[in-house]
């Protein structure tokens, strides 16, 4: 593929396209996860809880099938630049700190993934906040720009970074753990597979395994982040107490199934598309 541009920009383009594809396919799972985490917030402990299937059917019944893709505009506004920033930062860090042609070691992989996610997460947090509010169904925002203006006007600009710590506690470990498992799984593949036409499928399989592990380990932070961003006055420690008091320890795993499905499939697809595009540009990802 002939394309004259800086390698970091190529990584940005590859990441943005990969994020667009995965977001479009798996947005319904993210919406269900958000609704599941914020459902029944007024119920007393011990009351019947809403499950993933009932949330899914409820959305379709009340908002029709397209309601499952509610929040697409903030999702795209976050994903297209966000995944691009993530992969271009990852590529740049890898160029500087990992010998060319060598796979990153476990600790290097954790630092690369975590560092790239920190940069992308901080930059894109205002859009992440709007995306979460779009999906939870409690806010009547019309557009991403209108939502940003509304938050700044009614809550102050600082509110756009609500949930920063919870987001970083979720996303930075997830990315570090994911890249570590993914890179080590790929390194363990036989050469006859990595050099064959089935390499993308094998890489996707490695991504699935890495995604499941990373999703489960970071699920509590995801639940906390959702509550902080949906409830305007709630702080991180308050969210921890609220979740424990209302749902018990298992409350920190609410939405684990749709999140694991969506996040695992999404990140595995994103990495597979990214690596194939970078190979097309003649670059090692």
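Glycine is no exception: its Cβ is also placed from the backbone N, Cα and C atoms.
Annotated features in TrEMBL:
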| type | residues | note |
| --- | --- | --- |
| REPEAT | 6-96 | repeat 'Solcar' |
| REPEAT | 104-188 | repeat 'Solcar' |
| REPEAT | 198-280 | repeat 'Solcar' |
Counts by DSSP class (helix H/G/I, strand E/B, coil) across the repeat 'Solcar' (104-188): 72 helix, 0 strand, 13 coil
Per-state residue totals over the repeat 'Solcar' (6-96) - DSSP helix, strand, coil: 74 helix, 0 strand, 17 coil
PLDDT averaged over the residues of the repeat 'Solcar' (198-280): 89
DSSP helix/strand/coil residue counts for the repeat 'Solcar' (198-280): 74 helix, 0 strand, 9 coil
